[in-house]
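Undergrad: Quick one: structure below, then a few questions.
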């Protein structure tokens, strides 16, 4: 069986390294390119020196040449970089797995438009467990009667630049949709000072940043006399890497369209 040629954007970052390590462990995948931005100190070094995997792929900033020999680009970078890579992938017909978070509504529209020509998986979290969490939240939000206050608490490492996390926002979207609410109108991002009593229809978000926390997410449904907490805790980035590569395999059966991990895992 011919292995899939996988290019990795942001290859020297925490997620990039985890993805390259996971590719090296798979018989049906091959690292075709390790990509970074111009000026990155690791350019021209062998990617294997960063991951302890077999040598053979030099870290490059030449996206056009690298992607010409790739089936799929896996991208966990920043919105501006991802959109630049998206334009190149669209031109070359290369599929994309996008784990980047922090996109504006307008930027998401650009991705949707590109999906008319190439197949894309866009997901704020590639973990199997987190995507099962989304389904559990939908069930809980529909089943619980009125009178349960909803709070979402997330924690990540000190280097994460966006808040709340894309996963936390997706949790809020799932709950709001299940209860026929508009998240933009009911979301409360942090509280400070004399806030007054809590409005019953709001969904609160709390953010923690510190240390090397990979990712913790909790949805709290607080009623009178009881509370329900649904939590996911990631202990290794390998779980996100494995999910991203599962998404890459899924994309090889699609020519175009925008998908998420619910599609990949058959949960929809």
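Note that Cβ sites are derived from N, Cα and C of the backbone, with glycine treated the same way.
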Undergrad: Per Swiss-Prot, which of 36, 146, 151 sits in the NAD(+) site along with 10, 11, 12, 13, 14, 15, 99, 100, 101, 123, 124, 125, 126?
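TA: When Swiss-Prot describes the NAD(+) site, the candidate it includes is 36.
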Undergrad: Which state, by DSSP, holds residue 100 (NAD(+) binding site): helix, strand or coil?
TA: coil
Undergrad: Within a 10 Å radius around the Cβ, which one of these binding-site residues has the most neighbouring Cβ atoms: 10, 166?
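TA: Within the set of binding-site residues, the most crowded position is 10.
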Undergrad: Cβ atoms within 10 Å, counted per site: which of 14, 156, 157, 160 has the most, among these recorded positions?
TA: 156
Undergrad: Where's the emptiest Cβ shell within 10 Å among the binding-site residues 12, 167?
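TA: Among the binding-site residues 12, 167, the lowest count of other Cβ atoms within 10 Å belongs to 12.
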Undergrad: Could you state the whole-number distance in Å separating the C-alpha atoms of residue 36 (NAD(+) binding site) and residue 157 ((S)-2,3,4,5-tetrahydrodipicolinate binding site)?
TA: 22
Undergrad: Residue 123 (NAD(+) binding site): which of the recorded positions 160, 166, 167 have a C-alpha within 10 angstroms of it?
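TA: For residue 123 (NAD(+) binding site), the recorded positions whose Cα atoms are within 10 Å come to 166, 167.
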